[in-house]
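Remarks on the structure that follows.
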Amino acid sequence: MKIGIFDSGLGGLSVLNEALSKLSEHEFLYYADVKNVPYGQKSRNEILKFSFDAVKFLIENGSEAVVVACNTATSVAIKELRANLNVPIIGMEPAVKKAHDLSHDDTLKTLVIATPVTVNGAKLKELIINLNAKDKTELLALPRLVNFAEKAEFESENVKSYLKDELGKFDLSKFDFLVLGCTHFNYFKDSLREILPANISIIDGNEGTVKRLISELKLQISNIKLTPNIKFFYSGDEVCEQSELEKISRNLARLEKMRAIS
């Protein structure tokens, strides 16, 4: 099966990496909308257009299902994509429910970090209300983190200072989970782990998204690790330059290391 994965940039490689760990026998098309990244401060209409352009491109190139590996695009466009396109479309959702289910202390809260569009969007607020978790959930927009990720600036002092300043707005002793509400944020798990108290667990939506993909398409999980069959596209243009392919490979290697951090 040919599966399309779409993100505003290279954050969705974290979802691709998770998918490859379970579905390596399938073919993947990865679409990074590098001409328009970041989406986190774009208008709703812009995000809708970019999302339709990307998903239609993936379908036209043979994708039998598409994963919108971008929380911002999911928040804005997932309903319209599903209503207007005729392949299964799987969206990203911040793992607030997972944090809610795992929390065993009613006195502690969950902190969700995401882009401004996701933080201010109705979809995340509805999720929190439906879980009856409004009083136990705080939201923090981290718009600069996407730009750091796209520049492959993962461990600089600028990154660490930014994270310390933003997370320092909260009394972290009152939290037990940090939810990564943007796929780009997976690149920074090591820096986040250094800053956060030991009792705070870091969770993301990648595993849950791939589980939904497997369930919806009735796929079989494979433990056989095959050489991945992947084509990469930057805003519709196939990535052929060796330097860019090497950058993607380095990013995937980093994300594989980040998977072990929680």
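Each residue's number is its place along the chain shown, starting with 1.
Note: Cβ is positioned from N, Cα and C throughout, glycine not excepted.
The Cβ of C70 (active site, proton donor/acceptor) lies under 8 Å from the Cβ of F6, D7, S8, G11, G12, Y39, M92, T183, each on the same chain and at least six residues away in sequence. According to DSSP, C70 (active site, proton donor/acceptor) is assigned to coil rather than to any helix or strand. Annotation source TrEMBL lists active site, proton donor/acceptor at C70 (among others).
Sequence annotations record features per position, and here TrEMBL assigns active site, proton donor/acceptor to C182 (among others). Secondary structure at C182 (active site, proton donor/acceptor), taken from DSSP and collapsed to helix, strand or coil, is coil.
The annotation substrate binding site is assigned in TrEMBL to D7, S8, Y39, G40, N71, T72, T183, H184. For T72 (substrate binding site), the Cβ neighbour count at a 10 Å cut-off comes to 32, with all displayed protein chains included.
A 10 Å cutoff on Cβ-Cβ distances gives G40 (substrate binding site) a total of 25 other Cβ atoms nearby, all chains included. Within 8 Å of the centroid defined by the CB atoms of D7, S8, Y39, G40, N71, T72, T183, H184, the record's substrate site, lie the Cβ atoms of G9, G11, G12, V37, P38, C70, A73, T115, T118, V146, C182, excluding the listed residues themselves. In this structure, the CA atom of T72 (substrate binding site) is 7 Å away from the CA atom of C182 (active site, proton donor/acceptor). Every protein chain considered, the tally of other Cβ atoms within 10 Å of the Cβ of Y39 (substrate binding site) stands at 28.
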